[in-house]
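Asker: Before I ask anything, let me first share the structure, which is written out below as structure tokens.
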Amino acid sequence: MSNFSIISDYKPAGDQPKAIDEIIKGLNNKKRSQMLLGITGSGKTFTMANIIERTNRPTLIMAHNKTLAAQIYSEMKSIFPKNAVEYFVSYYDYYQPEAYIPKTDVFIEKDSSINEQIDLMRHSATRSLLERRDVIVVSSVSCIYGLGSPDLYYQMTVNLEPGKSYPRDKLLNDLVNLQYERNDIGFERGCFRVKGDNVDVFPSHYSDKAWRLSFFGNELEYIHEFDPLTGEKLVKLDKAIIYGNSHFVMPKETVNKAISEIEEELQKRIAFLKSQDKLLETQRINQRTQYDLEMLTETGSCKGVENYSRFFTGRKAGEPPPTLFEYLPKDALLFVDESHVSVPQIRAMYNGDRARKEVLVEHGFRLPSALDNRPLKFEEWDNFRPQTVFVSATPSLFELNETGGEVVELIIRPTGLLDPECIIKPATNQVEDLVGEIQSTIAKGFCVLVTTLTKKMAEDLTNYLQELKYKTSYLHSNVHTLERIEILRDLRQGTIDILVGINLLREGLDIPECGLVAILDADKEGFLRSEVSLIQTIGRAARNSEGRVILYADKMTKSIDKAISETMRRRTIQQEHNEKYGIIPKTINRTIHALAELEKVDSKLDKKQTHNLFENPAKLKAHIDKLRKEMLKAASNLEFEQAAKLRDQLKTLEEAALELS
């Protein structure tokens, strides 16, 4: 069994050793829930990594969006280069669920675009969980959505060992049942080809390696891993396990049984709708379901097959669907990062999905069983989750209730950096005062973050500062991901001095060059000026040894009082630690991972090409598809050097797209 092994120049420091020991003690004492209160810059990811290494347990890390998940994935991959660090998020680049609007009698068909790179990574994640124990899966909250049954997924594998006999026709038929496509010309992921005594398989979890099965009659002589572009043999394998090209692969008997049960439910539904005098709905559900049944009979699948998933997994009505949590070993460990955001997201997912599907069922577009194709209810997730460590600088009531109010604090930063000094100034004439503060901050070589309450105010302030010849940009929800990364890069490199926004709490906005955070209208109680929001915003200045925060307020609110009190408490703890050990706070430059990926692309493409390429996701996808075709064409023409260059460029773009998704 492989053990987790951290490869790093750093050792736990500050509060980290104590926090690691306390969390591990709680895990050993069978505590189901623990709270790691980690502030900005305290090394939460490195602390999690050390807990994983010492407990040596398979781990799932949940984040509340793809961007944060990608950031944690990149960091964990660099910390654990010898172990399986996997990425599991929604594989849709674009997703429009089917829906019906009764008021206007409009039915919207499901429309989606699947990201092949992320689909590959999802397969790699489930394969790792089934084959090894040194696994870390970093996931968004989409991991609570239905996935194929792990029992069926593993049952449908094809296990191969040299020296054993495998009737070739049966093997080819098994590959088709695993939803692999025979393609003797265009060999790509999810395909197989037959050449003489060789069967080449391109596994669903690889992008640059395939397997060559060499037969003598029905006897499997060798299994070689090879480069599908150049044909170069890389290594001889002792065995190979081929997993399905979809998480929803099913044996023929399961499909036939499901067809029978779907027909039975259809007849019950028709009888019910007729009893309600809903003739249009009766005709609609009969026509749509009969078409799906014909497709299932002929091909084993149909459009929207996931709506019949309950019949394929053998679950009863109302039972939770199989999810990634069922792939986890019983002794797995769960970290919920930024839990104050992630937990409410999990709680909200079921209700939104249910409301949309109930309308479809009511109006005859779907059978009632479609309601069981859903994310987990919050109570189900709470029941399924293994031993859990919630991680947040601002824990919410749920986490505190789960841990009985106990928290493990990660406050002392190894860098010695203090929480920023907080100053309250009158909101009257706040803009005039801000201009003076901006001038003095920029003079020191630092940049400024300004947060407002409304989009209109942010736009007006940006225009005003630009008129005063300050290099100012505006961050808002309409800014595409790549453009957002470019703005942050410009801010860090000094091309921009001031960034104005409404909600500057988004992850990845940790900027060591930030010398001032200005919070306008700080006394306007609400979501953007709550205690949690204020603490998170104040934290944006915590990576600079000279960082300051100015709160413009005409009155002291409870949120301001609590936020400043908590900030001062943390500042005092760090100060005492620094004095005791003679630590001098020092600003540490930190590379933004997505930024690094963007710079990788910039090094291979000129700036204009990069900007045009990433202007929108459709352009990026089209360019990646074009490069892939060029790569395959070069390989088929035996131009292997050119094909390898294109493959490297393609891989760089796909990694960048993943970071920027």
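Each residue, glycine too, has its Cβ placed from N, Cα and C.
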Asker: Ranges 91-114, 235-258, 331-354: which does Swiss-Prot label motif 'Beta-hairpin'?
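Answerer: Here Swiss-Prot associates motif 'Beta-hairpin' with the stretch 91-114.
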Asker: Would you kindly list the residues that approach the motif 'Beta-hairpin' (91-114) from elsewhere in its chain, counting only those six or more residues past its ends and only Cβ-Cβ distances under 8 Å?
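Answerer: Contacts of the motif 'Beta-hairpin' (91-114) (Cβ under 8 Å, skipping residues fewer than 6 from its ends): 122, 303-304, 356, 359-360, 363, 365, 617, 621, 661.
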Asker: For GLY38, GLY41, GLY43, listed as binding-site residues, tell me which one has the smallest number of other Cβ atoms within 10 Å.
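Answerer: With the binding-site residues GLY38, GLY41, GLY43, fewest surrounding Cβ atoms within 10 Å: GLY41.
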Asker: Using DSSP, what is the helix/strand/coil residue split across the motif 'Beta-hairpin' (91-114)?
Answerer: 0 helix, 15 strand, 9 coil
Asker: Just how many other Cβ atoms lie inside 10 Å of the Cβ on THR40 (ATP binding site)?
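Answerer: 20, counting other Cβ atoms within 10 Å of THR40 (ATP binding site).
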Asker: Other than GLY38, ILE39, THR40, GLY41, SER42, GLY43, LYS44, THR45, which residues of the same chain sit close to ATP? List them in sequence order, counting a residue when its Cβ is within 8 Å of the Cβ centroid of the site.
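Answerer: What remains near the Cβ centre is THR47, ALA393, LEU410, ARG413.
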Asker: Count the Cβ atoms, other than its own, that fall within 10 Å of the Cβ of ILE39 (ATP binding site), considering every protein chain shown.
Answerer: 25
Asker: For the binding-site residues SER42, THR45, which one has the sparsest Cβ surroundings, going by other Cβ atoms within 10 Å?
Answerer: THR45
